[in-house]
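Quick notes on the structure that follows.
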């Protein structure tokens, strides 16, 4: 009712000004300013609790129920009470099943007009609720509210069994099944049960063979979106897991976990035969073949055998001439990735091998070893220099000079 009055009064102001030919037409904003001034002047019913004003007494009376808590309209079916009759009418559709508002895009029906308007955002792609922290947009206010908890760290829903906190009630409800061991979602193919519907949905792909997540770079498909996301790092070169000891990066968390054993020197896997310890179980399994004598990987070219598939694969490159690792700077190819890595230092001028005697640096470890001979040459004392023939001394100098001429690049 109040909205209709607003519209009528606004039109009246526009028409009044339009009737004056000597004056320029008012802009919409100026028209609204005049309208609001007139509207404020008309308001005579003011709420004594919050100061809000109304044009009609009826509207003030309805508003006062907010403060008094009065809800005179009661549902005969469930006892729910409402401040306005229109709210009761809308509520009654829950019991009658009436859904008068239908989506013209997909045919879905709703009991309320505002619910239909919210639903339409699915089709229009409208996302009016924007996070002021990271600018992410959402279709629904409830989604924004849940998202904001990421920034605030708020987790209002707490598990009374283990104290775990969750951002939303549904997540807590799902978590509680861990304690109750309830698994309401059952596979009709094999009878396996799950705590969440999403888990059942993923499991069903093992029966159907469905792989809905496809890489747009190479066409490889995956059963899970997380697997596709992880795979995409191969194409993007992204390595999000960084070692805080040496800054080395990895595609996956498991790769970082294995790498950390290099720094901790931890070797949890011991050989039951000789007691030798290893950082990884796979390396132990390869090692144990030394004791068993099992060398099940054989080269068909020369019949040489190997304890691991990787060992055989590396060996076969000798026969095929394959050099899969190519330098993107100069085009030179290598059999092994480690060889390419060493070669790249020539281009980036990296010199990781430093002499601890004179601090001179070298690109390759072999060059450092040759250089170390300079320091290994005995420095004769004053008396031996006097007694040594000039020819021997000259020979020593020549040898030292040759070693010094080794490239440090």
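Each Cβ is built from the backbone N, Cα and C atoms, and glycine gets one as well.
Annotated in TrEMBL:
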type: COMPBIAS; residues: 1-13; note: compositional bias 'Acidic residues'
type: COMPBIAS; residues: 14-26; note: compositional bias 'Basic and acidic residues'
type: COMPBIAS; residues: 380-398; note: compositional bias 'Basic and acidic residues'
type: DOMAIN; residues: 45-72; note: domain 'C2H2-type'
type: DOMAIN; residues: 73-100; note: domain 'C2H2-type'
type: DOMAIN; residues: 101-128; note: domain 'C2H2-type'
type: DOMAIN; residues: 129-156; note: domain 'C2H2-type'
type: DOMAIN; residues: 157-184; note: domain 'C2H2-type'
type: DOMAIN; residues: 185-212; note: domain 'C2H2-type'
type: DOMAIN; residues: 213-240; note: domain 'C2H2-type'
type: DOMAIN; residues: 241-268; note: domain 'C2H2-type'
type: DOMAIN; residues: 269-296; note: domain 'C2H2-type'
type: DOMAIN; residues: 297-324; note: domain 'C2H2-type'
type: DOMAIN; residues: 325-352; note: domain 'C2H2-type'
type: DOMAIN; residues: 353-380; note: domain 'C2H2-type'
type: REGION; residues: 1-31; note: region 'Disordered'
type: REGION; residues: 380-409; note: region 'Disordered'
Remote residues contacting the domain 'C2H2-type' (157-184) - C-beta distance under 8 A, at least 6 residues beyond either end:
146, 149-150, 193-196
Across the domain 'C2H2-type' (185-212), average pLDDT on the 0 to 100 scale:
90
Number of helical, extended and coil residues in the domain 'C2H2-type' (157-184), per DSSP:
12 helix, 4 strand, 12 coil
Taking a Cβ cut-off under 8 Å, which residues six or more beyond the ends of the domain 'C2H2-type' (73-100) line up next to it in the same chain?
62, 65-66, 109-112
For the domain 'C2H2-type' (213-240), what are the same-chain contacts with Cβ under 8 Å, counting residues 6+ beyond its ends?
202, 205-206, 249-252
